[in-house]
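What follows is a short report on a single structure.
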Amino acid sequence: MLLPLLISGLLFRNADAFLPFFNEDDLKYTFGVDTHAEVPNHEEIDPVPYYHQNGSLHKLEFMAFNKKYNLSLEPTLAKLLSSGVTVVKKNEKKGGSLDFGSTLDSCHYHHYGEKVYAAISNCDGRIKGTVIDDGEIIVVHPFPDHHAHRSKRATENGAHVVYKRETLAGEPKDFCGLDNVVTEESLVEDESAIFEDVFVTGQRLTQQSDLIVELAVFVDENLWRHFSSKHGGMADRKLQDYTLTLLNNIQIMYYQPTASPPLTFRVIRYEVLTRQPSALAGYLHNHGNAQMYLDRFCRYQRNLAVRDWDHAIMLTGYDIHRGAGSRSISGIARLDGMCDPWNTCTLAEGLDFTSAFIGTHELGHSVGMRHDEPYCQSKHIMSSSLGPGKVTWSTCSLRDYHQFLQRLDGRGKNCLRVSNMPNKLEISSNVKPGQIYDANLQCELMHGNGYQQVTPRQDSYDGICYMMWCGQSSFGRIITSHPALEGTFCGPSKWCQLGRCVPWTGTNEIQPTVQHVAPVVTTLPSRIDGSWSGWGATICSQCTCNGILGSVGLAIARRTCSAPYPANGGSDCVGSTSRAVLCSRQCGRASKSVDEYISDKCMEQKRLKNDRELTGKGSQLNRFPQRACKVFCDVQQHYGSQRNYRFFGDNLPDGTSCGYDRYCLDGECLALNCNNNALISRDQSCPTDTCPITDQSSSVYRGQWGTWSLWTSCTATCGGGYRKRNRACSITGQCEGNEDETEVCSSESCPSVLRVGNEWSTWTEWNHCSVSCGRGSQARYRKCLSPHRTLAFDCPEKNIEVRSCDNGPCNAIGVWGTWGGWSTCSTSCGPGTLVRQRTCNREPCDGSAHERRSCNVATCQNDGIWSLWNEWSDCSRVCGKGLRSRSRSCFGSGCMGASSEQQFCNEQACASSSANDWGTWSGWSQCSVSCGAGVKRRTRTCRTGNCPGNYKESAICNDRDCENKNAAWGGWGYWSSCSETCGDGVRKRVRKCYGSGNCDGQQYEKQYCNLRVCDFRRKF
C-alpha cells in the first residue's frame, strides 16, 4: 500500500524571489557556487514522495523544465555498505568511537529507466539527488531550512530547487588536478608515475565476476568542523547522510549503460578525523595543495595498521589548490592507482553537492581512464573541463577502463574480483556486537594489528563500558580508546549496555563471557585461494621470430590462475602467466633495429591520432629495466632539453633484445635462464621441454596473425572517404592473407560550406603559472582547423604563445635562507665550477638549494686532462698491513700529478698460525665473450695465516675469431645536452652493435658545442 504525502499536485515556479536573501553559505549549499552571478538557471519545485507502510520511499514525482518525472525507486544501502562496515571517529587523543553501521539510515535509492536514471536520498525528509535524462544532469536539492518560510506555497516537504548541471559563469574549466605529461625527468625519478595514452588495442574483456570496489571513506578535520559548526550535536548524523548521498550519486554514474562492465562501490570503512593526524598536518601540504595533500594521504592510508580496502577517498574541507593564488581545482587522483596499495587514493572537496561529480571523475582516473581530450570530444565524464551534458562515458574512457582491467587480470592481481575483507560475522538479532567482537578485537579494529585491550584491575573492570584502553603490548604505549561496544564482557555475568556495566538478565540472549563468542552456524563462504593451472604445451614448430636485429626465436607456453580461481577473500596466484623456451638464437630475415621498429610504431600513432606533438620517432629506454620492453614515443620539446614521451600501450615483440642476454616477454625484460635455454620470471622453475635451437632462417615456420588494430579515422567527414586497419604476423612474411584492410566511410553528401581555407581556432585560456609564487611563465594554445572543422597543419604563424606571470611574493611557508659563500673553483686551471648552497627554513620552497657557475682560475700550461681514478685494487695481504693501488689515465699530454697512488690496507694483526692455508679454487666463470679473445676467472680464500700468492686467477678463453657478417650498428642515439650552458662544451651520443661478432667503428661519438658566448658581466 502506498501513502502519498501530497495530493496538491505537481508544482513548479521560478525561485528568484529567494535569491536576494541567500548568503555565500546558502549559495554554496544549494548550488555549489560562491556568488549570485554564478547561479544557474533553476526552478522551485514541490516534489511528491510516496512511501511504503514501513516508511521506505517507493516513488517520487515532480515537474521540472516542462517535463513530468515519475521515478520508481529501489533502496541501495545494502549495495553501498558492506555488512561488516566499520565506522570510526577519532579525536585528538587517538580515541573516539567504534560502530558497525547500525546507526546508518536506509534513505538512499536508485531509479533505473529506459532513458532516465536517478540517485535520490531523503535522509532528513528532504529530497536530494540527481536525475540523468537524455545527456543532461538535473540536480534536485532542498533550500536551506531558514529560508523555507519565504515560500508562499511550501509544503510539509519543504521548498526544493531543480537546476541543470552546467558550466557556471566564472567557474574554472580545468577542475581536475591530474597532470598527464610524461617527461624524461619523471621516468628517472618515479617510473610508476608514467601515464599511458588512450586507444590501446586489447582483447575483449572477460567478465569473470562482479567488479566491486571496497571503499574506505575518510573525512578530514576541516570538513568535520564545517558540519560541526553548522549542525552542532547532529553533525555526525548529517555527515554520514551527506557522505552516503554523494556515494549514491557516484554509483548511479557507474551503473549507466555506457559504463560496461558496471562498477559497484561498497563502503567497508568510514572514518572521521575530528583532529587531523600529525602525518596530515596542514603545514605539510601547504594547507590544501592538491598534489602535496594527495601524496600525504596516500602514504597515510597505506601505513595504517588496519587496511582491507581496495581504494581510499578523502573528503576534505580545504579549498584545494595548485599553489599560492590558484584555487581552480576540486579533486585529484592517482592514474591507474586502483589495487596498488601506495597509489589507490583520491582527494576531493566535500563542501557541497558538486563533490559527487568530482568524485565520479577522479575515481575514473583510478581505474585507468585518462582525460578524453584530445582523442575524444569534450562532452563526457572524463573531459578535463566542466560543462553541460557530461553524463556518459566516452569510447576513450571505456578503452582505457577495459585495458586497465585486462592488465589487472593478466597479473592475477585484480582486487576488484576478490574481497580484502577479513571474515566478519554478521550480528544476529539475539547477539550484541560486543559478543561477536570482544575487547581485543575492538582494539584491533580501531587501531590496527597488534593492539589489544589493556586489562584493568578486577575491581575496576566495569569501567571499560565508559572507556576502554588499548595498547600495542604489555610494555607498549597505551592509547585512550573508545567505550566498549554493547554486549562486551565487563565482569562475571555482566555486560555493557548504554555505557554502563549491568548484570546479564539471561532473557533471550547468549550469556557474555570474557572469551570471544561467535554463533555456531554462519553463512560465510569458505576462503578459496587461487592456484595456477598447468602450463600449456611448448610447440617448437611455432617458434616466433620478430624481424628485429638482435632478437631470438621463442616458443611460448602460458598458464592461468584458474585451478581454482581465487574467491571469498582467497589470495591471488603469484608469478607470471608466460614462459618461453629458446628455439633460435639468430632469427633470419631481421631487417630493422629496435629503434627503427619503435619509430615505425610512433609514426603509425602520429598518423592515427593526427597529433602534431608527436615527432614520429622513439627509442628503447634500456636504462629503465621496467620500461625496456615498452614503446615510448618522443614528444616535441618546447622548452629546455628535457625529453618527453607518450606511451600508447604497445610492447616490444617477444624475443626483442633489452640488454646483455636479456629479452622481452609479455612486456617484461627477462634474463636468459635455465642454461641459457629459457625466459622465466623469478618464481618459476625451469621448463622440462626444450626445443632444438637453430641459427637458420625462421621461414620454415608458419606465422600467426595477431588481432586487427582499431580502424583509423575516416579520411573525410562527408562526401565519401576511407579508413584502414591492419594486423601483424608473428613471423614476418609467413602468414596467409592480407595485412591491411580498407573500407568506405562517411558516404553521405557534404553540406554547403561558406568558409574557405584553413583558419585558427580561438586561443585557449592561459594555463597555470609555472611557479606557485614569484615570477614564472604561462602559455596558451590554438588549433589550425579546416573548413570542415578537422585538424589542419598549414595555418600561418605559431600555435602557442608564452608570456611571463607573477604570482606575488612567496609566503612565509617555504622561505629560503640566504645564500652561502661560493666554493673554491673545482679546478686549478682551465674551466671549472663554483657552487653555493642555501637552506629551506620551512618546506616547501620553490627552486633549487644549489647554484652553480663557471670559473677559470688560470690558463693551463698544457692540454692534458686526467680521467677519474679507477677502483682500488684488492689488498696485497688479507692481514698484517698490505697495500692497494689505483690509477688514472691522461687524455692529451703533460698532465700534472701522478698517474697512480697507493695506500695501506688490512692493517689488523694476523691470527697466530703455524700454517698458511689456501682453500680450493672455485670453478671457472663463464667466458666474458662468446667469440674473440675473452677472459675467464676463478678465486680462492685464505683460510688461516697470511697465504702467499694471489687469491684470484685469470685465463684466456674463446680465442676463435668472430664472424662479422651479421654484426651491424643500430642508429645513433640522441645527442646529449651540451656540457656547458655558454662557451665551449662537449656533447655525446652512442649507438648499439646488434648481431653476433664485433662491429667496425666507434660505439661513442662526441663533438664540441657552443650554445652562446658567455656574458661574464651578468654571470658573475
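Glycine too: its Cβ is placed from the backbone N, Cα and C atoms.
Among Cys718, Cys729, Cys805, Cys810, the cysteine that Swiss-Prot records as disulfide-bonded to Cys769 is Cys805.
Reviewing Cys931, Cys947, the cysteine that Swiss-Prot connects to Cys942 via a disulfide bond turns out to be Cys947. Swiss-Prot names the disulfide partner of Cys910 among Cys875, Cys879, Cys957 as Cys879. Record check, Swiss-Prot: Zn(2+) site residues include His361, His365, and the candidate from His371, His402 also listed there is His371. Of the cysteines Cys686, Cys691, Cys735, Cys745, only one is given by Swiss-Prot as the disulfide partner of Cys714: Cys745. The range from 134-141, 174-181, 478-485, 518-525 that Swiss-Prot describes as motif 'Cysteine switch' is residues 174-181. Swiss-Prot lists a disulfide bond between Cys905 and one candidate from Cys860, Cys875, Cys931; that candidate is Cys875. Counting every protein chain shown, the number of other Cβ atoms lying within 10 Å of the Cβ of Cys825 (disulfide bond) is 18. Cα spacing between Cys829 (disulfide bond) and Cys855 (disulfide bond): 9 Å, rounded to the nearest whole number. Cβ environment of Cys905 (disulfide bond): Cys875, Ser876, Lys881, Gly882, Leu883, Arg884 lie under 8 Å away, each six or more residues apart in the same chain.
In space, Cys1009 is the closest of the disulfide-bonded residues Cys769, Cys942, Cys999, Cys1009 to Cys825 (disulfide bond), judged by Cα positions. Taken through DSSP, the domain 'TSP type-1 4' (863-911) splits into 0 helix, 16 strand, 33 coil.
The closest partner of Asn54 (N-linked glycosylation site) among the recorded positions, by CA position, is Glu362; the full candidate set was Glu362, Cys840, Cys927, Cys1009.
The DSSP breakdown of the domain 'TSP type-1 6' (966-1015), given as helix, strand and coil counts, is 0 helix, 18 strand, 32 coil. You'll find the Cα of Cys769 (disulfide bond) roughly 28 Å from the Cα of Cys978 (disulfide bond).
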